[in-house]
Ligand code: DGJ
């Protein structure tokens, strides 16, 4: 490592992240974060050095600081020797920089025997800086880590902070909420061994009085971790906000053996000068980067049988659905839960992954071939970590299941959970998936997880307290990611959908290894619109699986048209989940028209720049997608208000103002031929004449 200058700069496409040393060189501090050039001038985080009753470290915009050095206002690292004093008092021991793209800063505590390395890396083509931390035990005695966040992020908000977060529950994921933080602490977390339904590992930070839309500095973080996590935002004594994010070890602490290194998950840190909408576009670009070359594979129109047949899966019923799906223009047929032995309901079958011969009397391969003969790809649902107590697998390997000796095992959805941290379980799962994918013509896999871990122990190996700490959460995550990585390398042609009882497992580690994810089990039209609205603030449209179904609203039972459902679903990756056997010829013809239109515009939806136009709380809202190169604009719009023949002002059409267009450009509606100037669309907006029957619209505008 080279000795430090006094400031290190990292540069993304349009932003600068500047780090310096503070506290007489004892810790790293944020000096500036914002658009290029924002670093030229006194740091907005500069503050008075007069502290009363607290230490200077307690007011520092520290990038990462241990308990010990920072005793009162929140530390990122709590380390000790087993039985020893808690805390670390380290010194800066060097830096290494790779131009303005990557940086390492090292701090060492010789007494404790701990080296801490802060890592920074920019992501090409985005405004994201990735941060993570490596902790190495350099002494002869192990180190106990109670808290080891990935990073801390200091935001120089003015007048307090507005924190925007995504919260919910099963079937109501991704609800966009905000809270004003002037003093105190805001905290979200999951201890469900996954991102969870309740809170999302994502946060946006703005000035408290920032306008709801448009240009305003907006900072965001997202944690790349498929297990337990926590995000904490503290109002700092000087008025800024300090956000910490990282893992939460299941056992309360992890042990670092002499010579061992723990690498934290990566924290993606994003900035946009353009509000939450601009920040969403930064995340979309970043997720296209995570998807890599697979972004160029068109996401096929799927039919999934879950909402039509539930567990009642048999060859005849599925083929009837497949035939109709093919007629409508679907490209892929996925048999959901219920295709394997012992699965007439959710009380059995998980673990025994063989097609049920009673339901596929002509043989499973024959069934798959029949589906494929319709011109459809074939996909299957699996729940690799799920295990039913009634299964053959459980009879053979009861020790593979999470359990605490002497304690009852809680059933959730009548099932238990495999300890995927064990190598033998990983090998079983990998072998099962290989067998299914190699022996049948399956090109799509939906990986579901329908329960969190509860009594999380390894039979025969008590987990905690010291000295028996296992770090079961990290082991499970490593096993899960290892199997997903294996699917990518061994079966690259297979499209993988991530799911956990809806959207409980959506985060960057999963998104980097899957092609789409299932945001929610709630497919009711108005409910879904709100879920997708929140989802698209954090995640890209090409990852968002969305089905047109017959479902009535769970949280908002107001009816909506078939067109409304299609326009909503085609703002992500279109699928059909309705019982299309029951649809009338008129409904089928309408569906076929929507599917054909979707195929024409899906490239724009999956690669374009998104502007969220209003919110589902407004009577009219929409989403605008701009094709790279700007030749086409796709605008999806909905009337979420009463179906009383609105426009809400009698006689006038509702309007949505478009964004980001060149005022002097001219656009023509490809369906009606009506021409609009960019200035008109920006200033007056695109008109929508809603009626009781017409509650959604898809408009394609071609630039002339
Ligand atoms: C939960 C998923 O979210 C649903 O889509 C469906 O696959 C069921 N599990 C099947 O059990």
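Every residue gets a Cβ built from N, Cα and C, even glycine.
Automatic, uncurated: that is what TrEMBL annotation is.
Together with 336, 337, 413, 446, 447, 448, 449, 450, 499, 521, TrEMBL lists one candidate of 132, 170, 690 for binding substrate, that being 170. The average pLDDT the prediction assigns to the domain 'Glycosyl hydrolase family 36 N-terminal' (54-257) is 97.
Less than 6 Å separates the Cβ from ligand 1 in the case of 337, 448, 521, drawn from the recorded positions 170, 337, 448, 521 in sequence order. The C-beta environment of residue 337 (substrate binding site), restricted to residues of the same chain at least 6 apart in sequence and closer than 8 Å, consists of 306, 310, 311, 313, 343, 346, 381, 383, 448.
Across the domain 'Glycosyl hydrolase family 36 C-terminal' (653-700), DSSP helix (H, G, I), strand (E, B) and coil residues number 6 helix, 18 strand, 24 coil. A simple way to gauge crowding: the CB of residue 450 (substrate binding site) has 20 other CB atoms within 10 angstroms, across all the protein chains here. Across the structure, residue 446 (substrate binding site) and residue 521 (active site, proton donor) place their CA atoms 14 angstrom apart. Other Cβ atoms within 10 Å of the Cβ of residue 170 (substrate binding site) number 16 in total over all chains. Annotation note: residue 446 (substrate binding site) sits in a strand segment as assigned by DSSP.
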